[in-house]
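Notes follow the structure.
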Amino acid sequence: MTSAPVLPAGAAGSGNARERARQLDRDDELGFLRDEFNIPTKGQIASTSLPEGSSANNNDSDTTTKCIYLCGNSLGLQPRRTQARLSQYLSTWATQGVQGHFKPLTNSPLPTWLDVDERAAEMIAPIVGAHVSEVAIMQTLTANLHLLMSAFYKPDANKRHKIILESKAFPSDHFAVETQLRHHGLDASKSMVLLKSERSRDNILTTEEICGVIDLHKEDAFLLLLPGIQYYTGQLFDIKTITAYAKERGIFVIWDLAHAVGNVELRLHEWGVDAAAWCSYKYLNGGPGCIGGMFVHENNSAVTKLITDERPEEGYNHRLAGWWGNDKKSRFGMENRFHPVKGAAGFQLSNPSVLDITSLCASLEVFEQAGGMGKLREKSMRLTKFLEEQLEGMGEEEKGLFRVITPLDPKQRGAQLSLGLGSGLLEGVMKELERQGVIVDERRPDVIRVAPAPLYNGFEDVVGFVEAFGEALRVARRESDAF
């Protein structure tokens with residue numbers, strides 16, 4: 001498919017911009033995927049009560065007019081098929097009871113509960129660029145980071161003990177690292193290295209800056225933990241280059257892919273990433289608090305001895321173990337001899353929530369319809385570039401009230417643009433956007449994060465947002481000046 005040109009700067013908010021957006025949406029080969037999602041109406045997002053059936057609690061045009069939802073970086077929208085898949089799961093439970101673990105049903109698209117995690121691994125592997133054996137759908141993001149560090153972080157206070165992470169890491173990552181250090185009896189002030197840019201007030205870190213810090217601590221750093229995409233700035237790191245650089249210096253590399261999975265193309269196996277973890281409720285649309293995922297490179301998850309060995313505790317990398325990580329052939333033998341499943345599945349603990357995995361897999365079915373992350377990424381880059389150009393085309397008054405924090409190089413960002421607002425404008429802007437039926441994410445004190453998701457957003461959503469954003473800026477400015 002040949003990419004259609006986007007509007008030149010200066011066309012934002014005009015009738016020409018909206019008509020051009022509509023044409024781009026008509027030409028979009030992935031546009032049909034929008035119908036796979038439940039997009040709330042303006043009436044629904046304004047309502048303070050749960051609607052009966054599928055209608056909102058009012059009868060005006062807002063009942064059918066869809067909101068502009070650009071918040072998939074915080075919570076993805078619900079696929080329409082999620083309700084059907086959950087209904088099938090509940091029906092299985094209601095009619096089969098415990099037999100649902102083992103009994104295939106000929107007219108059901110769902111796997112048995114015993115195999116539900118394997119099916120999820122098969123579906124997620126292409127999205128993260130991994131072998132099926134290298135991924136597991138399990139636990140939650142921070143729990144998985146702790147499990148990975150418990151398996152692979154083996155510090156020596158006199159040699160390698162430091163963990164490198166960014167100074168503006170998502171708080172849960174910072175908490176995880178700090179408590180892991182304490183768990184090992186280490187002082188975080190001496191063993192935690194925080195990456196901070198000397199050139200960027202928003203802490204946009206260049207690859208050179210990151211590699212420079214790696215070199216500075218190459219003798220005593222044990223672990224590097226970074227986000228694939230930084231949650232606040234929207235910066236996409238060069239995962240391939242940074243991974244190789246750190247590993248060449250003997251540093252183990254873990255990536256937090258919360259904002260990267262389902263957003264950008266990943267090739268974790270090819271890039272030699274040691275391990276990674278992610279959540280599934282953002283671009284993967286699994287639902288709020290849905291089950292997380294883990295990647296462990298095959299070099300770090302091999303099982304070299306058979307379960308019949310006299311010393312079953314040998315032959316694999318040690319980790320915090322659980323029943324569901326035990327080899328399937330002996331799992332129900334109830335013997336107290338742990339021999340893990342080969343690959344990432346051997347890091348599982350309890351049996352996973354079938355409800356969660358069923359919800360996640362409903363969304364992964366839509367990813368399969370899209371034909372791969374390559375097509376989604378291509379559309380995403382066009383959408384976000386279109387957003388950038390429409391923002392650039394706004395009036396000078398409005399442009400003076402915000403700035404784009406996210407790198408302008410499309411290769412250094414995912415779907416998200418983070419917009420830094422003038423002091424005191426955030427509350428007024430968010431209030432006005434919500435009034436107009438526009439949903440974006442706010443990060444205090446003064447940032448909104450705008451993320452057009454290619455599965456369900458279109459170019460007209462972008463134009464609608466920019467028009468509403470301009471008005472919101474003007475309203476917020478007037479209200480600010482009044483005080």
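Even glycines carry a Cβ here, placed using N, Cα and C.
Curation does not apply to TrEMBL; its annotations are automatic.
TrEMBL has this to say about the protein:
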- Leu141, Thr142, Phe170, Pro171, Ser172, Asp173, Asp256, His259, Tyr281, Trp323, Asn351: pyridoxal 5'-phosphate binding site (BINDING)
- 118-295: domain 'Aminotransferase class V' (DOMAIN)
- Lys282: N6-(pyridoxal phosphate)lysine (MOD_RES)
- 1-23: region 'Disordered' (REGION)
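With respect to Cβ neighbours within 10 Å, the binding-site residues Phe170, Tyr281 differ, and Phe170 shows the lowest count. Largest Cα-Cα distance over the residues recorded as binding pyridoxal 5'-phosphate, namely Leu141, Thr142, Phe170, Pro171, Ser172, Asp173, Asp256, His259, Tyr281, Trp323, Asn351, equals 31 Å.
The average per-residue pLDDT of the prediction over the domain 'Aminotransferase class V' (118-295) is 98, rounded to a whole number. Comparing Lys282 (N6-(pyridoxal phosphate)lysine) with Asp256 (pyridoxal 5'-phosphate binding site), their Cα atoms are 13 Å apart once rounded. The Cβ of Leu141 (pyridoxal 5'-phosphate binding site) lies under 8 Å from the Cβ of Ser172, Asp256, Ala258, Ala277, Trp278, Cys279, Gly292, each on the same chain and at least six residues away in sequence. If you draw a 10 Å sphere around the CB of Lys282 (N6-(pyridoxal phosphate)lysine), it holds 24 other CB atoms from the protein chains shown.
Close to Asn351 (pyridoxal 5'-phosphate binding site) in the fold, though at least 6 residues off in sequence, lie Trp113, Trp323, Trp324, each with a CB less than 8 Å from its CB.
Counting neighbouring Cβ atoms within 10 Å of each of the binding-site residues (Ser172, Asp256), the lowest count belongs to Ser172.
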